[in-house]
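Chemist: What Swiss-Prot records for Glu185 is active site, and it gives similarity to another entry as the kind of evidence. Here Swiss-Prot flags His184, His188, His194 as Zn(2+) binding site. Annotated Ca(2+) 1 binding site per Swiss-Prot: Arg263, Asp266, Asp295, Gly297, Asp300, in sequence order. The annotation Ca(2+) 2 binding site is assigned in Swiss-Prot to Gly298, Asp300, Thr337, Glu339 on the grounds of similarity to another entry. Residues or ranges marked as repeat 'Hemolysin-type calcium-binding 1' by Swiss-Prot: 342-359. According to Swiss-Prot, the feature repeat 'Hemolysin-type calcium-binding 2' maps to 360-377.
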Amino acid sequence: MERYMSLKKKISYSELIGSAKANELQTQLQAYVPGKDPNIVVEHEPSKNAAKELIRGDYRWGHQGDDKSETFQLTYSFLESEPDNMPWHITGFSAFNEEQRTAAKLSIQSWTDVANINFTETTDSDKAHITFGFFDASLTGSYAFAYLPSPESKQSGTWYNLKSRTFSENDIGVNGYGRQTFTHEIGHTLGLEHPAAYNASDKERPTYKKSATYFEDSRAYTVMSYFGEKNTRTDFKGIYSSAPLLNDISAIQEVYGANNTTRTDDTVYGFNSNTDRDFFTAKDENSKLLFTAWDAGGNDTFDFSGFTQDQRINLNEASFSDVGGLKGNVSIARGVTIENAIGGSGNDILIGNDAENILKGGAGDDIIYGGLGADQLWGGEGKDTFVYLSAKESPPLERDWIHDFVSGEDKIDVSLFDLGEAGKGGVKFVREFTGAVGEAVLRYDTVNKVNDFAINLGDKFSYDDFWVKIVGEPILESDFILA
């Protein structure tokens, strides 16, 4: 196993030799990755099985061999009176009011969005798989609790302390701690455990330092954790996730299968959202987003255009983005492709994935990096920098197109361009290719008003070389930052 740096020792990068913008991008590509991000203090080693730790006890409805292609059917009910089997250590039953029922249903929906399960409400609480109720006194000091299921289970209850202000109207809304608590306890009823063997009833209060057994045990990765997101470098500024996060989604799909019917059309997250989910929706510049995107198909967009802060938007699966003034508050579930991103009016960094991305920086001095795939790139207003790290990111048959480039303001940066062993001399402009590695040619099509920028990796120019199209007026060699 790869070893990580010891407690409270920061991890440094290898020395970067590119431009300031290229180095900033390179740093962002490694953000939130323990062992690579120098801002992370590693108190526990990362786990390659972090998601599976949530289902280590094999608690579930149904059996291990059940067909995950078939949707698992469950029922739930809100208790209207004290049940005969009310847990021994609590007293003072109360039923959920309408606002609390609505919030709990939204938490249920957030689980069915990602897993191949279906919940149906029933008024027959005796036969419901999962029940909801309040209490107002506990011999053990309970705040909220739920029962884990088993293949032979007939019912699992969730209970919440009504004396806690957490379950008032304000705190059960989106990003509230009460709403997260509903999502957390429902996670237990579906079979998810805490990331490690700790509980609120422990004699000694659990802490990240003493109780976590691996790095990812924080609320940045899972709603099942007791520990704040700052333990793993992210910062949500006091809000809480209303829906399953990165490792929750992987874990619940391992048990019941994935819901592959969720958001199969072209979906927009953030501003102009069509998700019909409050936690995916931004209404104005003061909105706070916190989510992991699970999306089963379509051509999808992260639209963070209404924010004014400097943002870091990464479209790669299992990555974290800094959106709307928070840190690491938006992530993408494993196996999910989000194709497009729109930045705001700050100085943003937009990072594409292997798909054919559309990236729009918006106002501000942005850094745009398409990665692999034939991308369409817009910098928007401001002094923007388009960074390339290798020829694979824009080969002749999958060329990127850069739009709205302004000569003298915007830059194309190849200062960290990988030319291999034969290209130690870097990238240099020439009139015509001679076959030498690193030769660059700039041409302008006066009819179509398109610039062509190409780099030769050796011998004749071929499919393995680099070629990008820049739309607009003629650009100059001085508009490039070379390796």
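From the backbone N, Cα and C atoms, a Cβ is placed for every residue, glycine too.
Given the structure is predicted, the values throughout are model-derived calculations rather than measurements.
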Chemist: Rounded to an integer, what is the Cα-Cα distance in Å between His188 (Zn(2+) binding site) and Asp295 (Ca(2+) 1 binding site)?
Modeler: 23
Chemist: Residue list, the repeat 'Hemolysin-type calcium-binding 2' (360-377) vs rest of chain: Cβ under 8 Å, 6 or more residues beyond ends.
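Modeler: Cβ under 8 Å, 6 or more out: 21, 24-25, 29, 305, 310, 316, 340-354, 383-389, 392-394, 398-403.
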Chemist: Which of these recorded positions is closest to Asp295 (Ca(2+) 1 binding site) if you go by CA atoms: His184, Glu185, Glu339?
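Modeler: Nearest candidate: Glu339.
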Chemist: Find the shortest Cα-Cα separation between His194 (Zn(2+) binding site) and the recorded positions Glu185, Arg263, Asp300, Thr337, Glu339, and name the residue that gives it.
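Modeler: That would be Glu185, the closest of Glu185, Arg263, Asp300, Thr337, Glu339 to His194 (Zn(2+) binding site).
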Chemist: Across the repeat 'Hemolysin-type calcium-binding 2' (360-377), what does the mean pLDDT come to, as a whole number?
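Modeler: Averaged over the repeat 'Hemolysin-type calcium-binding 2' (360-377), the predicted model reaches a pLDDT of 99.
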Chemist: Among the recorded positions His184, Glu185, Arg263, Asp300, whose Cα is within 10 A of the Cα of Glu339 (Ca(2+) 2 binding site)?
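Modeler: Of His184, Glu185, Arg263, Asp300, within range: Asp300.
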Chemist: Around Thr337 (Ca(2+) 2 binding site), which of the listed binding-site residues (His184, Arg263, Asp266, Asp300) come within 10 Å, judging by Cα atoms?
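Modeler: Hits: Asp300.
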Chemist: Please work out which residue of His184, His188, His194, Arg263 has the most C-beta neighbours within 10 angstroms of its C-beta, and give that one of the binding-site residues.
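Modeler: Buried the deepest by this measure is His184.
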Chemist: Between Gly298 (Ca(2+) 2 binding site) and His184 (Zn(2+) binding site), what C-alpha distance do you get in Å?
Modeler: 29
Chemist: So around the Zn(2+) site, His184, His188, His194 aside, which residues have their CB within 8 A of the centroid of those CB atoms?
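Modeler: My list of surrounding residues reads Ala146, Glu185, Gly187, Leu192, Glu193, Val223, Met224.
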Chemist: Quick check on the binding-site residues Asp266, Asp300, Glu339: which one has the highest count of other Cβ atoms within 10 Å of its Cβ?
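Modeler: Answer returned by the neighbour count: Asp300.
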Chemist: Take the Cβ of Gly298 (Ca(2+) 2 binding site) and count every other Cβ within 10 Å, whichever protein chain it belongs to.
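Modeler: Result for Gly298 (Ca(2+) 2 binding site): 14 neighbouring Cβ atoms inside 10 Å.
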Chemist: So how many other Cβ atoms are close to Gly297 (Ca(2+) 1 binding site), meaning within 10 Å of its Cβ?
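Modeler: Cβ-Cβ neighbours of Gly297 (Ca(2+) 1 binding site) within 10 Å number 15.
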